[in-house]
Amino acid sequence: MEFSPEFQDLPKQLESQPLAIVLDGPAGSGKSTVAKEVADFLGAQYLDTGAMYRAATVRLLELGVELSDQPLVAQQVAEMVFSPSTNPLSEQILVDGTDVSGQIRLPEISEVVSKVATNLSVRATLVEKQRAIIDQAVASGFPVVAEGRDLTTVVAPHAQVRAIITASEEVRLARRGKQIPGQDAAKLADQVLRRDRDDATVSNFTSPADGVVVVDTTDLTLEESVESVLALVANWVNTPK
């Protein structure tokens, strides 16, 4: 993917100015794809926080835990060891030493992950782990791009670049449909929109807080969407500190 010449020096500039770039947004908005492309171009580490909730869900089901039992779910997740890859070209994530990467996107996980993601005690546990990964990357001199639901306001409110990636409902459903070919349209819509509604009860990923920029990708190509975020990074780099 080729980007505008104005961004070509960004990877080099960030070698001496590591920063955190955090992107929130609803399902199908394109935030994951944009985040990976931004991280790959900048040579940054990458964190998919949603994958951690999905991985926890996979592990809980393997353990036979009833997801509606919130105290037990919270206890089990607090004891789990998460090892997500920070390579934007890899989707590997291990829980308790087991690679669950191939399971986290299955429809049966997508249908129930909100039961785990809306557990406030689970969120507190995973927010702490996510914040540690982001802080460790920057402290080690690496830029990092993280994406999810509550990064701009809860996990990393002091990140140097914060944005909400959004798109129209029609476009979001079309994008998710391409990711899950053959899925019944009505079932897909219920899965995506219900998850947004459920998650919205515990996190605000559609209304920007102060300092958070909204990037509407409805009418943008992938390249244009990525460049919208790169422009925010360039603005930070070129702003006197």
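Glycine is no exception: its Cβ is also placed from the backbone N, Cα and C atoms.
With a 10 A radius on its CB, Ser29 (ATP binding site) counts 29 other CB atoms from all the protein chains. Taken residue by residue with DSSP, Ser29 (ATP binding site) is part of neither helix nor strand, so it is coil. Annotation comment: TrEMBL describes Gly25, Pro26, Ala27, Gly28, Ser29, Gly30, Lys31, Ser32, Thr33 as ATP binding site.
Here TrEMBL flags 21-233 as domain 'Cytidylate kinase'.
Surrounding the centroid of the Cβ atoms of Gly25, Pro26, Ala27, Gly28, Ser29, Gly30, Lys31, Ser32, Thr33, where the record places ATP, the chain contributes additional residues within 8 Å, namely Val34, Ile165, Thr166, Ala167, Arg172, Arg175.
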